[in-house]
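Q: Checked Swiss-Prot, it gives:
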type     : residues                     : note
ACT_SITE : 37                           : active site, proton donor
BINDING  : 30-37, 149-152, 178, 186-189 : ATP binding site
BINDING  : 61, 155                      : (R)-pantoate binding site
BINDING  : 61                           : beta-alanine binding site
């Protein structure tokens, strides 16, 4: 496994791989890797000849300076995990390498609608930062396929739209959520939880599942369903942040024509903002 820190060296290797006709897969990450990331790597390995994992804590997608400062940096441990998975390349640049002129004057990629709705409404600039860095990585790595987790459902939808709108010839693979045995979705931010909070955390998935059962049974009283879910979260020790029930294919509000719903749930538990989602097939 080769660890690359410079754009110049990355381009040299990508050029060689292209000349050799290799199929390239990209797994973009911010590091602090867990089993969910390893599932992305496994999917990438099954889909290509060469796997490139990027590790970059992207300052453009953080709406709070303190959140950026405390995000875990575990590069050595991450590389050890990736080496055991037989990843070919790790691209781990510094912010100065990615944004030589800083982020203020950086050209950006914005996906209208999807970047400012739902999660984007509460985190201004977040999705613009995501689409910009992903677009930049696509240009640098030139992958044939890229793997993203379905836990960040809106992010995945945004990337798919960006790829379609910008004409990228890249297959986007959404990889299902990986959960702990107690149901908690794996996330780098789970590390912010205290031992007591970790015991409470699976309650998010329990509330999510209860909402899913109601929808699957034909209940369409969405405001009431959401209000009950918020109350249940708060009673369990969370601070409910946002619960949305949307069309899984458009992320717009449900209509009579909607075939699938996605439940998007976010709640604070101590210093950790936990997110999760479930897709429900609607009875027609």
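Every residue, even glycine, has its Cβ placed from backbone N, Cα and C.
How buried are the listed features, and what sits near them?
A: Long-range Cβ neighbours of residue 37 (active site, proton donor) (same chain, at least 6 residues apart, Cβ-Cβ under 8 Å): 27, 29, 149. DSSP classifies residue 37 (active site, proton donor) as helix under the three-state reduction.
The DSSP secondary structure for residue 188 (ATP binding site) is helix.
According to DSSP, residue 61 ((R)-pantoate binding site) is assigned to a helical segment.
In the structure as shown, the Cβ atom of residue 61 ((R)-pantoate binding site) sits within 10 Å of 20 other Cβ atoms.
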Q: By a 10 A CB contact count over all chains shown, which of the binding-site residues listed here is most packed: 155, 188?
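A: Of the binding-site residues 155, 188, the highest Cβ count within 10 Å belongs to 155.
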Q: As a test of the contact definition, list every same-chain residue at least 6 positions from residue 36 (ATP binding site) whose Cβ is closer than 8 Å to its Cβ.
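A: For residue 36 (ATP binding site), the qualifying residues are 149, 151, 177, 178, 185, 186, 187.
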Q: Residue 30 (ATP binding site) to residue 61 ((R)-pantoate binding site): how many Å between their Cα atoms?
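A: Here the two Cα atoms are 11 Å apart.
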